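Since the structure comes first, as structure tokens, the remarks are kept for the end.
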Amino acid sequence: MCTKGAFPHRSACSLPLTCVYTYIVCVPVLWGSVPWGMKLHCVSLWLLGTILMLCSVDNHGLRRCLISTDMHHIEESFQEIKRAIQAKDTFPNVTILSTLETLQIIKPLDVCCVTKNLLAFYVDRVFKDHQEPNPKILRKISSIANSFLYMQKTLRQCQEQRQCHCRQEATNVTRVIHDNYDQLEVRSAAIKSLGELDIFLAWIAKNHEVTSSA
């Protein structure tokens with residue numbers, strides 16, 4: 001039976017279940033007695049409802065992978081040391097992150113994996129390789145590193161729930177970054193990557209629904 005609003009008349013739908021879309025409800029009766037127009041109408045509504053349901057499930061899965069942290073605090077910490085870090089860069093014409101056009105066109109399915117890989121890149125290589133003699137700058141870098149560790153924990157949980165898939169495109173982007181890093185001497189590469197940290201932060205802000213942890 002297909003009814004719209006409060007109308008009492010009956011017609012049919014082929015589906016062996018009840019499907020609801022706004023005020024239209026379809027329940028099974030004799031399929032052969034249904035006009036073709038009504039058949040197409042009911043099937044179209046069912047298909048649309050299925051698509052909307054699948055999209056809702058997919059979006060829910062993506063939301064579970066989004067970062068929730070105080071990005072404003074991280075960005076402020078970096079801005080306070082950016083000039084001092086970049087002043088130490090002896091290779092101003094060389095880049096590690098900013099030449100990656102692919103980083104700007106990462107597909108939504110690869111965002112979680114790329115974010116996870118770049119967080120690991122900074123935590124496991126850049127922050128460890130950089131030797132900072134200035135205590136004030138060191139404190140800011142340590143604060144950023146701790147925030148990255150927190151974000152890593154969030155994405156690690158997401159990965160354990162099979163919500164953070166790593167496709168070949170994401171792996172390729174990560175490989176290019178590491179290759180660029182390896183082309184420089186370790187100290188220079190660490191300084192260069194720190195100086196380009198704002199590129200990564202801006203990318204996170206663009207691709208994640210970040211919220212304050214406060």
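Just so it is clear, glycine is given a Cβ too, placed from its N, Cα and C backbone atoms.
Here TrEMBL flags 12-32 as transmembrane segment.
Under the heading disulfide bond, TrEMBL lists Cys65-Cys158 (among others).
A 10 Å cutoff on Cβ-Cβ distances gives Cys112 (disulfide bond) a total of 25 other Cβ atoms nearby, all chains included. Summarising the annotation, TrEMBL assigns disulfide bond to Cys112-Cys164 (among others).
What TrEMBL records for Cys113-Cys166 (among others) is disulfide bond.
Checking the disulfide-bonded residues (Cys112, Cys164, Cys166) against Cys158 (disulfide bond) with a 10 Å Cα-Cα cut-off leaves Cys112, Cys164. Using a 10 Å radius centred on the Cβ of Cys158 (disulfide bond) and all shown protein chains, the other Cβ atoms total 20. For Cys113 (disulfide bond), the count of additional Cβ atoms within 10 Å of its Cβ stands at 22 [all protein chains shown].
Shown are the disulfide-bonded residues Cys164, Cys166; the one with the most C-beta atoms within 10 angstroms of its own C-beta is Cys164. Distance noted between the C-alpha atoms of Cys164 (disulfide bond) and Cys113 (disulfide bond) is 6 Å.
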